[in-house]
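Chemist: Below are the features listed in TrEMBL for this protein:
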TRANSMEM  20-39  transmembrane segment
TRANSMEM  59-80  transmembrane segment
TRANSMEM  101-122  transmembrane segment
TRANSMEM  134-157  transmembrane segment
TRANSMEM  164-184  transmembrane segment
TRANSMEM  244-263  transmembrane segment
TRANSMEM  275-295  transmembrane segment
Amino acid sequence: MIAAFQGAWQQLVQSRRVSICVMGTVFVMWLAMLSSIQLANIGVNIELPLRNAQVGRLLATSFCLVLQGWLLAITPSLALRLYPIFAQPTPISPVQLLARILALWGMMLIIIIIAVPFLSILPLFGSLSLAEMIWVLIVIVMTNLLLCTICICWLTLARTPPAGLFATYGTILAWLIVPILLIATNAVPPASARVIAAFNPLTALVAPLAPAFPLDGPIANNLDMLLQITHGAIERTVPLHQPYLAGSGLIGWLIFGLTSFLARPLPRRWQRFDTLWLIGLVVYLIFMFLEPEWWSAAFR
């Protein structure tokens, strides 16, 4: 396992794409900050209202959405580095599959850490609590773990890396767009809308911040428009990020287990790794069974 992880990590570190993604992260977050300040009508010649909670709420939401979107865009391209385009597809073991997922996730965590300093200015506005910032970062990290799993699994199952990359981006677009269309157009009943919204990464990201969105003021209209897209008719106080976190872990574990079985050499037989995977699944389900009030609160 350690050797497989080190090999995958070296492939990522030696890629120029990592440097491009790191520099791109700094540039994108800087642009997000400038755009948010401009949107909040704060000019360079106007005294910065450090205690304007509405501005802080807008900045926080903008930063987090931009970071989430940026990670969704660049993660598949970094995952492609682990699958040379002209190499012949070869079956890989479950250990190798897990090592590639963890190596890619570790690299993305470094990129997330690089973006965190841009969030450090938000407490200056006095609008965000530590708990809100922690929840937002947890949603971003868990979303990226699920995304890394999807990327590696598609690239492993596809016959060619370009086909796997196409399938990955198609999955991401469906993951983002379909729930938003169903929610924003009120195409499903309210109970079903909550379930659908709970598995959208953008909705889950906004959910910890939404309860404190201003009801009126110069920036309230911008935030209300965002809520119409991500929440639709769902109340802003519903903790949609909680079922999202629980469901993301379960879905990622199931995808990993299925891919590890399909990607192994023929004939496919039950292995000790499958037993460990099944134990992990049972333990996860037990925890969900013991804490139903936490992850199902959004559905009541």
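Each residue's number is its place along the chain shown, starting with 1.
Every residue gets a Cβ built from N, Cα and C, even glycine.
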Chemist: For the transmembrane segment (164-184) and the transmembrane segment (59-80), does the number of C-beta pairs under 8 Å, pairs 6 or more apart in sequence, reach 3 or more?
Modeler: yes
Chemist: At a threshold of under 8 Å on Cβ distances, which of 20-39, 59-80, 244-263, 275-295 pairs most often with the transmembrane segment (134-157)?
Modeler: 244-263
Chemist: Taking residues 6+ outside the transmembrane segment (101-122), which of them lie with a CB under 8 Å of any CB in it?
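Modeler: Counting only partners 6 or more residues beyond its ends, the transmembrane segment (101-122) has Cβ contacts under 8 Å with 5, 8-9, 11-13, 18, 21-22, 25-26, 29-30, 32-33, 56, 59-60, 63, 67, 71, 74-75, 78-79, 82, 128, 133, 137, 140-141, 144-145, 148-149, 151-152, 256.
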Chemist: Under 8 Å between C-beta atoms and at least six residues away from its ends: which parts of the chain pack against the transmembrane segment (275-295)?
Modeler: 94, 242-243, 245-247, 249-250, 253-254, 256-257, 260
